[in-house]
């Protein structure tokens with residue numbers, strides 16, 4: 001990114017600092033993610049009796065009659081399928097096989113029970129056959145780690161006759177059940193695999209948040225502008241703002257023009273940082289990102305709240321304090337700053353709570369609105385370079401990186417693998433309140449900011465050229481973005497919840513729309529070089545005051 005001037009004033013330095021935070025936050029979050037209960041796998045061996053779709057299973061437990069923790073398991077490729085409703089599933093006693101691996105006939109009574117067995121020493125199909133021959137109603141295999149391993153058939157298992165459900169649970173779940181059994185309590189289990197609703201209401205709300213964020217960000221500067229002047233108000237120091245004058249140079253404003261070289265550099269550095277995070281991801285690394293997110297969120301939230309307050313209160317005058325080392329500071333701005341800092345700290349402390357998604361979304365939306373006021377695309381030429389690079393970047397790190405790293409780098413980073421249960425905060429999240437599995441639907445900041453830069457440019461272009469709603473570009477790009485996001489979630493649904501590179505759908509629906517419309521209207525050349533003619537044309541020399549006299 002390149003600034004429009006070499007000036008090193010305080011506003012410009014603040015823009016550069018925020019752009020650095022934006023670089024780190026945006027480059028890691030160009031993905032739409034939703035974990036799904038169905039996990040089809042075409043690579044594992046299949047046969048007519050070994051062709052079950054993988055589904056997550058709820059394992060409800062009772063110890064001594066008291067309901068315990070509900071565990072999550074994964075069914076096997078073979079065996080009977082589980083009911084989708086808890087009311088249709090029997091509640092049965094659980095017993096450990098003897099031997100524990102269930103590789104040979106058990107000396108303990110298995111009839112009418114759900115058999116618990118540890119993983120290892122023989123094939124999964126062998127364990128299921130032993131349990132079934134003993135009269136078991138189901139088999140639960142306890143893994144030797146916290147993953148849910150996919151239990152498949154071997155190449156030699158061509159004729160399998162297993163009619164009981166087979167489920168795997170993580171090691172921690174097995175330890176919980178073992179403690180209850182070892183204490184002499186009667187343990188009962190109920191197995192079922194609930195389906196997700198056809199309509200995911202969380203996706204609808206997330207779609208509205210993303211589209212609404214871009215709409216608000218594009219109109220924000222006009223909405224919060226003073227009625228008498230369009231001058232940017234200095235929230236922290238009203239005295240400096242009042243002395244600035246109406247002819248402030250554009251280089252002094254908090255605006256950063258993105259250049260074509262800067263766009264390419266940004267994508268290259270974002271790729272390098274993504275790989276670095278992939279290999280060295282840990283809880284402390286995530287904490288660095290959380291701190292950066294909080295700094296950017298506080299800055300964005302402060303700017304948004306103060307902008308709204310000043311829109312109504314600027315005429316009334318603002319009381320200020322003269323603080324050491326800082327100088328004159330608006331009391332309103334100081335109070336808002338303390339509130340924003342407290343809000344961010346509260347979110348950081350409670351980020352693992354069920355309600356933390358709200359604070360994360362508020363900070364994220366405020367950050368993106370503020371960034372779209374400070375960073376801008378000068379014309380379609382730079383927009384094409386930036387969005388095409390981001391388009392390739394997103395597809396490569398979501399899809400193509402699997403061939404190099406054996407897994408999708410972007411998805412692994414978004415999930416927070418190897419981060420001690422932490423996850424990156426550069427996502428808008430909405431909980432699935434009507435989903436029996438819960439969880440969140442998420443969209444990365446990059447999927448809003450990259451198209452948002454182009455949409456904000458379209459709004460400025462329409463305003464500068466006095467275009468109407470229908471013959472302008474802003475409305476059609478907003479519609480294109482909404483459709484692109486719809487196609488993204490449709491692909492997410494059709495691909496069983498596997499993470500999607502949203503820019504694969506958003507770039508054609510936004511950049512493609514403005515290019516085609518510009519071509520049809522004969523304005524593509526003006527859009528492509530917009531602003532270049534003004535900068536290249538020499539400004540008239542200043543008039544001598546003595547001549548006027």
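Every residue, even glycine, has its Cβ placed from backbone N, Cα and C.
Annotated features, as they stand in TrEMBL:
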- 1-34: signal peptide (SIGNAL)
- 101-177: domain 'PA' (DOMAIN)
- 201-220: transmembrane segment (TRANSMEM)
- 263-280: transmembrane segment (TRANSMEM)
- 286-310: transmembrane segment (TRANSMEM)
- 331-349: transmembrane segment (TRANSMEM)
- 382-400: transmembrane segment (TRANSMEM)
- 442-461: transmembrane segment (TRANSMEM)
- 473-495: transmembrane segment (TRANSMEM)
- 501-520: transmembrane segment (TRANSMEM)
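Stretch with the largest number of CB pairs closer than 8 A to the transmembrane segment (382-400), among 331-349, 442-461, 473-495: 442-461. Taking every recorded stretch in 201-220, 263-280, 331-349, 442-461, 473-495 and counting its Cβ pairs under 8 Å to the transmembrane segment (286-310), the highest total belongs to 331-349. The transmembrane segment (473-495) makes no contact with the transmembrane segment (331-349), as judged by fewer than three Cβ pairs under 8 Å among residues 6 or more apart in sequence. Of the candidate ranges 263-280, 331-349, 442-461, 501-520, 442-461 contributes the most Cβ pairs within a distance under 8 Å of the transmembrane segment (201-220). The stretches the transmembrane segment (442-461) and the transmembrane segment (501-520) meet in space: the count of Cβ pairs below 8 angstroms, excluding pairs fewer than 6 apart in sequence, reaches at least three.
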